Amino acid sequence: MSETVKIMAVAEEPEETLSMNPKKFILWLFVVSIVMLFAAMTSAYLVRRAEGNWLEFEIPSIFWYSTVVLLISSVSMHWAYKAAKKDDFGVLRTAISITFAFGLAFLVMQFLGWQDLVAQNVFFVGNPAGSFMYVFTGLHAFHLISGLIIILFALRAAFKLKIHAKNLNQIEICATYWHFLDVLWVYLFGFLLYFN
Amino acid sequence: MASVETNAAAAAHVEEHDHHEELSFIRKYIFSEDHKVIAKQYMFSGVFWAIIGASLSILFRLQLGFPNLNLEWLRPILGNWIDDSGKLDKEFYLALVTMHGTIMVFFVLTAGLSGTFSNFLIPLQVGARDMASGFLNMLSYWFFFLSSVIMFGSLFIETGPASGGWVIYPPLSALPQAMSGSGLGMSLWLISMALFIVSQLLGGINYITTVINLRTRGMSFSKMPLTIWAFLLTAVLGLISFPVLLSAALLLIFDRSMGTSFYLSEIYIGGEALPNVGGSPILFQHLFWFLGHPEVYIVLLPALGITSEIIATNSRKPIFGYRAMIASMIGIAFLAFIVWAHHMFVTGMNPFLGSIFMFLTLIIAVPSAVKAFNYITTLWRGNIVFTPAMLFSIGLVSFFISGGLTGIILGNSALDIQLHDTYFVVAHFHLVMGAASAFGFLAGVYHWFPKFFGRMMNKTLGYIHFWFTFVGIYLVFFPMHYIGIAGFPRRYYSFTSYEAFRTFGDLNMFVSIAAIFTFAAQFLFLWNFFYSIFRGRKAPQNPWRSNTLEWTTPVNPGHGNWPGEIPAVYRWPYDYSKPGANDDFIPQNVPYSQTPESNLPHENALIALEKEIEAQNYNDQFKQPH
């Protein structure tokens, strides 16, 4: 009897209630919803593509360069986070600014990519193969703009010395979101290359 | 009683801990961040929409039951929707059906039900001061409000609201020239729904975060009330499925306004060929039903959670199979995502694929049956207290079973060929989803009214309301099964031109009379509801002698819910009629060390851990300056 009691007591040890920062948790749930948005889009793409009558075209090569630019911006974002951890404010500001500039550059390059598509006679209106291309890049760009706004807020906080080793929440949220947008683009680009 | 002592002690601290800053009227009641106020805002909006949605159904029931009735007397309200011969305009009939579905599914049973009870009960039952983010919660309501205003406005435009059915299948919904309801009305529908989805996502994200991160000390997942489990899973379903609807709607918007061809291909309209080539209307159905099916459970699960709580409390018995209940809810939530194509058996789907979806669909019967069985066994030999809330919960179980059985019939792909889009389907989902969830909402209102407003609702009126509604709903939807088996398609304006259907005219009239009767009975509830808010009997602190944490707060909880420290939790919420106990209920915040007379051997061993529970870390939002 006492043996069973002991076992049960071990099994029912009081669990710590999870105490992750609620704001960070909220961010992750947002990420889930964005993932589902794009999962739906890419599934729709596959379903539609399987039905045939699919326009084949070259994916603009500038998307290769824009991918590299976005990857670099992720690196500089990580650099900013490291700097914040070390209370290195000068580096922090520079790194966030670089991230912002590369993010902007990415957007411009995506736009140039659209112009390449138009030059190939692939328009938003027409065969869904082309329309999907614009929808994927456009929706991603829309989310990237929201990421840039969050970076601007982080930049302002950095200048007001509100980001430091003891207050990393904002820069962590900002960095997580930015890395996610980066991974999302790599996924979309790889998807478009593979299933073109 | 131990809990009484704790409460008395807490009450003594009210003055010290009472909240300091006074908020302006606007911040307190309109743009409030308090979950209790937001819950009430959702509740009143839900009740408003329910009245609108039900009135629309009465209008088209008049047409179906009395096809020759002169509706001239409705001209002051409906204007030119009554045509020259005094009958309902045919296109407006389609708009009525569409808006009834949209309003009931999304605005009443999704926003009204989850919005009210998730907002209200999650912080109160898990022991939190408020939602994880009060601001996002407020934003969620106001997105919903904006969406409501747009949808409501669309009822009044000249070309009429959206009329392609609540599922808005293209190409009908994608071509503004297809019918008058596909014009501005459809655009407004899409805008309104996009805002609605944003609102649901903001709300759902908040619910999940609160349940996972803001539980009080000792509130482990295995001690959470089943209501909270249901709300959590509902929010997860919404988080995963609503973005998919957003994708579907976005592509539809592009097709409508920018001329893309995601869903359109080779269409002649008015003798003219459209330029759109290469789209697939079936694609929309796949995307839509990937949300559409989980949506059914988004509507139903909160009602089932509320029922679990009410049935256990009023049977004075622990819920039968607590873990089985959680497991079956998780099972239902998981299966909800892999059965969507059973709505599409007749789209020319590969029959082999159809049989897979049929198999998966029929598996849902297993967890559903587990739940139904557990409700009945909880009631079995309990000391049942028939409060109005309890009656509505038992009514829900009845609808859940009788509507669920026809689900097994419809889930068969071979039978669905005959029954697809007939009144059999209408009867099925109105019982299992519509009436059952509405009963969940009503049961919740009756049960938690004392916590919402600090007053009691009138019991007698509640009983009359229950019996009229319960009998009325069966009178409406039972005959519909026969009409459906006879082959009546849904959404048809009139059946008088078909010889075969004429014999069912009297049955349709009977259904319409029953519907009007049931609708009229709801005014008893409305009167009871609004009267009791102001004049109801003052509520005691724990009127139903319930175990969950919300009844340990003051009768009218202020900002932050508990005046003193948030109580810790030591036991599960279903210790009713425990052998040896002094009283027939032991609230969750009573430690085992205070109840030696009723402890089981392993519970005595848990006494040693109470200190550990009390020392646990948890997120108390009042500990940080705010």
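Backbone N, Cα and C atoms are what each Cβ position is placed from, and that goes for glycine too.
Automatic prediction, not curation, is the source of TrEMBL annotations.
Per TrEMBL, domain 'Cytochrome oxidase subunit I profile' is recorded for B:25-570. For the domain 'Cytochrome oxidase subunit I profile' (B:25-570), the model's average pLDDT works out to 94.
Taken from TrEMBL, the feature transmembrane segment covers B:42-64 (among others).
Feature annotation from TrEMBL assigns transmembrane segment to B:92-122 (among others). A Cβ distance under 8 Å defines the sequence-distant neighbours of the transmembrane segment (B:92-122), meaning residues of its chain 6+ beyond its ends; these are 35-36, 38-40, 42-43, 45-47, 49-50, 52-53, 56-57, 59-60, 63, 78, 81, 128, 131, 137, 140-141, 144, 148, 151, 155, 160-166, 179, 181, 185, 189, 193, 196, 199-200, 203, 207, 210-211, 227-228, 231, 234-235, 238, 295, 298-299, 302-303, 306, 433-434, 437-438, 440-441, 444, 448, 451-452, 490-491, 493, 550.
Marked as transmembrane segment by TrEMBL: B:134-157 (among others).
The annotation transmembrane segment is assigned in TrEMBL to B:188-214 (among others).
Through the fold, the transmembrane segment (B:226-254) approaches residues 110, 114, 117-118, 121-122, 125-126, 168, 170, 173-174, 190, 193-194, 197, 200-201, 203-205, 207-208, 211-212, 260, 262-263, 284, 287-288, 290-292, 294-295, 297-298, 301-302, 304-306, 308-309, 319, 322, 325-326, 329-330, 333, 336-337, 548 of its own chain, all at least 6 residues removed from its boundaries and within a Cβ separation under 8 Å. Annotated transmembrane segment per TrEMBL: B:226-254 (among others), in sequence order.
Among the features that TrEMBL reports, transmembrane segment is placed at B:296-312 (among others).
Residues annotated as transmembrane segment in TrEMBL: B:324-346 (among others).
Among the features that TrEMBL reports, transmembrane segment is placed at B:352-373 (among others).
Here the transmembrane segment (B:385-410) has long-range neighbours at 303-304, 306-307, 310-311, 314-316, 342, 362, 364-365, 368-369, 371-372, 375-376, 379, 416, 419, 424-425, 427-433, 435-436, 439-440, 442-444, 446-447, 457, 459, 462-463, 465-466, 469-470, 473-474, 481, 544, meaning same-chain residues at least 6 beyond its ends whose C-beta is under 8 angstroms from one of its own. Under the heading transmembrane segment, TrEMBL lists B:385-410 (among others).
TrEMBL lists B:422-449 (among others) with the feature transmembrane segment.
Taken from TrEMBL, the feature transmembrane segment applies to B:461-489 (among others).
Sequence-distant contacts of the transmembrane segment (B:509-531), counting only residues of its own chain at least 6 positions beyond either end whose CB sits under 8 Å from a CB of the stretch, comprise 47, 50-51, 54-55, 57-58, 61-62, 64-66, 442, 445, 449, 457-458, 461-462, 464-465, 468-469, 472-473, 475-476, 479-480, 483. Taken from TrEMBL, the feature transmembrane segment covers B:509-531 (among others).
Between the transmembrane segment (B:296-312) and the transmembrane segment (B:134-157), fewer than three CB pairs separated by 6 or more residues in sequence fall under 8 Å, so the two stretches do not touch. Within the same chain, residues 31-35, 38, 41-42, 45, 49, 52, 99, 102-103, 107, 111, 115, 119, 184-185, 188-189, 191-193, 195-196, 198-200, 202-203, 205-206 sit at least 6 positions outside the transmembrane segment (B:134-157) and bring their C-beta atoms closer than 8 Å to a C-beta of that stretch. The transmembrane segment (B:352-373) makes no contact with the transmembrane segment (B:422-449): fewer than 3 of their CB pairs lie within 8 A, with pairs spaced 6 or more apart in sequence.
Tallying C-beta pairs under 8 angstroms between the transmembrane segment (B:422-449) and each of B:42-64, B:188-214, B:324-346, B:461-489 places B:461-489 first.
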